[in-house]
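Undergrad: The structure's right below; bear with me while I get my questions together.
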Amino acid sequence: MLQEQESREREREREREREREKKKKTLNVMRGILMPWQLRCLPYYSIHFLGSGHLDDDGLPHGFCTVTYSSTDRFEGSFVHGEKNGRGKFFFFDGSTLEGYYVDDALQGQGVYTYEDGGVLQGTYVDGELNGPAQEYDTDGRLIFKGQYKDNIRHGVCWIYYPDGGSLVGEVNEDGEMTGEKIAYVYPDERTALYGKFIDGEMIEGKLATLMSTEEGRPHFELMPGSSVYHFDKSTSSCISTSVLLPDPYESERVYVAESLISSAGEGLFSKVAVGPNTVMSFYNGVRITHQEVDNRDWALNGNTLSLDEETVIDVPEPYNHVSKYCASLGHKANHSFTPNCIYDMFVHPRFGPIKCIRTLRAVEADEELTVAYGYDHSPPGKSGPEAPEWYQVELKAFQATQQK
């Protein structure tokens, strides 16, 4: 009898524990549902119904319901006695959403998190946490991350892709950061690489390497014997580089400087190899100055200036416009054309940081001169002519005359 009584008491205690857990889940409906990097807990909700949704005898959502939380987040999906079971979708107050299949109140299997700006993370969920393969896309649908998650943190070998075509790859640390001795930046050719020590994606010490192969997401690199050492070396307003005569290995394989084929243009930039359209050829690094500084000085001092963004202008001033004094990047050597074969484009460089690059518009032959449109304003407000140096205005008139014939 005593044993039976103890057994019944243990069973009642287990039942009370199940009830406590059920109430806990009811008061915190979203427990176990983690966003990419944070747990969302919303303790109170009000309920609206769609279709045949209704409350069960305990007043819990049952069937297909819309549940609105005190934070104004809402969930649309299937419930079984207060727990999410089946397909469902969260609509968060910031405009982001999370969609997938729920089992016993937790997201299981493939889930799709859509950021408020339209970016997407497609991941594998286990009991509401990201565990397994995941891919992330930007607002234009371009792949920006591919790898694994463990307990909601990036894990193992991961790839980070830049819009310009470059990428970072390596085994992330316990915080999911690109930190370690075996991280690599891979140039847009998906072959040339700088391999070595990185901290949170910043190159501390990299050596030239070649990406030989990739198997199941794991890259295999071959180091170049006797390679120079490269490190993150973002310019300032007074320092263009700490290694002014250290060429970029990717650029060195693709371009060279020689006398321009354009009359009175001085030196120009030429392609070493035949390439197709949309190929990054060269980099435009320089000191970083303000637009106001550029606007307040004579045109004679602005021969190698290029706007980076609303705040910053990149400049290659004397004496760095001579390759004997500076050859870490060569993009400033490209001359202007009203019918260019290249464009300036944004680029995140492992050594120079955010700069611009020169990218082909069409196929280019070996030894062909690379040209870009300098983009001076032809109709500035309050002025009768282009806001440009004298040589450009002369060339513009000549070009317009040929177009009218």
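Using the three backbone atoms N, Cα and C, a Cβ is placed for every residue, glycine included.
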Undergrad: Quick check on the annotation: TrEMBL has Ala265, Gly266, Glu267, Asn335, His336 binding S-adenosyl-L-methionine, so which of Glu202, Glu205, Glu390, Glu395 does it put in that site too?
TA: Glu395
Undergrad: Counting only residues 6+ apart in the same chain, whose Cβ is under 8 Å from the Cβ of Lys356 (site 'Histone H3K4 binding')?
TA: Phe283, Tyr284, Leu306, Leu308, Ile314, Gly331, Tyr344, Asp345, Met346, Phe347
Undergrad: If the S-adenosyl-L-methionine binders are Ala265, Gly266, Glu267, Asn335, His336, Glu395 per the record, what's the largest distance between their Cα atoms, in Å?
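TA: If we measure all Cα pairs in Ala265, Gly266, Glu267, Asn335, His336, Glu395, the largest is 17 Å.
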Undergrad: Nearest to Tyr374 (site 'Histone H3K4 binding') by Cα, among Glu267, Asp295, His336, Glu395 (recorded positions)?
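TA: Considering only the listed recorded positions, the nearest one is His336.
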Undergrad: Per DSSP, what is the helix/strand/coil residue tally across the domain 'SET' (253-375)?
TA: 11 helix, 50 strand, 62 coil
Undergrad: Between the recorded sites Tyr284, Tyr374, whose Cβ has more other Cβ atoms within 10 Å than any of the rest?
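TA: When each Cβ's neighbours within 10 Å are tallied, Tyr284 tops the list.
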Undergrad: Given the model, what does the mean pLDDT over the domain 'SET' (253-375) come out as?
TA: 96
Undergrad: Starting from the Cβ of Thr305 (site 'Histone H3K4 binding'), draw a 10 Å sphere and report how many other Cβ atoms land inside it.
TA: 21
